[in-house]
Every structure is written in structure tokens, then in C-alpha cells.
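Going by Swiss-Prot, these are the annotated features:
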BINDING   7, 8, 9, 10, 11, 12, 13, 14, 15  ATP binding site
């Protein structure tokens, strides 16, 4: 079974993907894993590669291609990433959501950052990503039609999600 798990930062995608992987006994690959692999292939650290990726849409496109290829090569796999459901063949496509303030609080705790700083960073990142995804892929991130299930993780802790 191929499962994609997507969602905005702070919704719990990485945590849920990891827990599902452990409980189902199937591998999990995140878009972040693919990004780190691509940086290593170029012998760049993550920060350097991130700067390059901001200016080069081909990097986003390659991440999507690699995740789609992984889905084609495996019978059982969990793919975690914001756009995984749009590009990978999957039996189940899940979107996790949570209110803005809940996500900001989770990220603030996780990264030990001031909540107001996190809120501003989220706003900037989400505007930037929405624009990039629309320009590069023609994807409207607010269109949920591609997903089979949408789960609000607001009331769940990591294990319950």
C-alpha cells in the first residue's frame, strides 16, 4: 500500500508518517529526506542547498519526481511531503490540518522559538510556498480534491494522531 501524508508545517505530518511506518512495518520517505539526499549528492550542506533551491525551481521538480519514482518502485511505502499526493501514485492520500495558532505553538515548542517570530515565519513561508507551487506546478494548495482523507490534528497529541 502506498500512502501519502501531507500538510502544512506543524500539522504533524512527520510524526504521523513515522508512527504509521513503525506500526505498519513499511518504510517512510519524506520530501525532507529526498532534499537532504540531493544536497549530499552535490556535496553541499543543507543551508547552501536551501539557498540554491529558493532560486531554482528545478530542485522542487526533482524532489517531486523522485518521490513519484519511489512510489512506482515500491509496493508498500509512506511518502511524507507537502505535494506528495499531487505527484505520487498512492492508494491513500491523507492531508493533515490544524488551526494556525495550534501549528504555531507546536513549532514554537519544537524549535524553542518565540511564538510571534514563528507566526511571522509561517505566514512568510506559506505565502511563498503557495506562490511557488502555483507558478511551478499549477497547484492551488487550497484545493483539497486530490486527498482521500482530511484529518484535523488539533485535538490529538503525537501518539493519538
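Numbers run from 1 along the shown chain.
Glycine too: its Cβ is placed from the backbone N, Cα and C atoms.
Neighbour count (other Cβ atoms within 10 Å of the Cβ, all protein chains): 20 for residue 9 (ATP binding site).
Listed binding-site residues: 11, 13, 15. The one with the lowest count of other Cβ atoms within 10 Å of its Cβ is 15. In the three-state DSSP reading, residue 9 (ATP binding site) counts as coil.
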